[in-house]
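Engineer: My questions all concern the structure below.
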């Protein structure tokens, strides 16, 4: 039996989110609906999740001393990482010494904080199919890797980055220097390390939202949402839709890959397979073939579409799973999402055209409330529900196009 407390009381169930962007904001809302006291942590003030949480804290989460002091002071029941740039070795120490439980596990947070940890786990430890790859610490190593077997075309990404930052496609020798320089500018750390991947000629890519949750007998079960199709431009999601049709054999392989990697990431530092929550498993598909790409041990940006498609969104699934509650991954109706970009570099943004956007049939909006806009910063998302998923895509993109952010 799961017992939950009352917020702002001595018996509250307290959850701390490390990273409070648009995904964290929705997780916080889902937790609050279940009576959980929430603490939103981010590197800057007034982050989206901080706008709705019971408590807010602003620190450099990659600083182990600051992170340890904050967790010891707040004493949350659960710590939920929402981003990669966190002092994950400290989380492992705190989890191992019983100070706090990390979702899904501190080990998963460490392994997925950069592309190297998770790629080596998937390909070298678990033997999952991936694109050919090599890690490089210099421009010369990158050149040698490409010429020595990776070949053209190929994809270069910083080992630590997100939302496509620093990622580019290399079509020939003339592109290598530009790609290296772009990767160095887009990575999260100052030292230069990249992954170069051989290009897979895939038909489409999906996110398979995979949930580890407790069943009625207390044992951990794996649940799958319907496949989420998505379109990425330079590694950054611009639209997603659900369900994406798949050949039954490809879907079976996708689920096998997703379960294999999430089972492993569910193993805590003590060796127990205790990790709970949702994972966004990204996969390439060609016919009946499936390749592992990446995994996030948390809600996924492409999964924003589930706000309009599922009985329980990915955020509600995450909240329920980590609290030990039952989950329902069933589809309610087909739908789609389309990103609303900032379009301008400015602090203090207003949005024109919201009324026009919501006149598109079956649509809804989420405006994230980010205090500063950049031209390519994700400031909101349009959602559309329709019995025909292709029409939902049209409607979502139309609604998104009506919203015009501008400086106040």
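Cβ coordinates are placed from backbone N, Cα and C, and glycine is handled just like the others.
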Engineer: Which one of 75, 370 goes with 22, 23, 82, 301, 377, 378 at the N(1)-(5-phospho-beta-D-ribosyl)glycinamide site, as Swiss-Prot has it?
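Structural biologist: It is 370, as the record lists it for that site.
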Engineer: Between the binding-site residues 115, 162, 205, 301, 378, which lies closest to residue 282 (Mg(2+) binding site), Cα to Cα?
Structural biologist: 205
Engineer: Nearest of the binding-site residues to residue 115 (ATP binding site) by CA-CA distance, picking from 23, 82, 294, 377, 378?
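Structural biologist: So, of the listed binding-site residues, the one sitting closest to residue 115 (ATP binding site) is 294.
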Engineer: For residue 378 (N(1)-(5-phospho-beta-D-ribosyl)glycinamide binding site), what is the secondary structure state per DSSP, taken as helix, strand or coil?
Structural biologist: strand
Engineer: If you compare CA-to-CA distances from residue 370 (N(1)-(5-phospho-beta-D-ribosyl)glycinamide binding site) to each of the binding-site residues 162, 166, 197, 199, 294, which comes out shortest?
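Structural biologist: Smallest Cα separation from residue 370 (N(1)-(5-phospho-beta-D-ribosyl)glycinamide binding site) among 162, 166, 197, 199, 294: 162.
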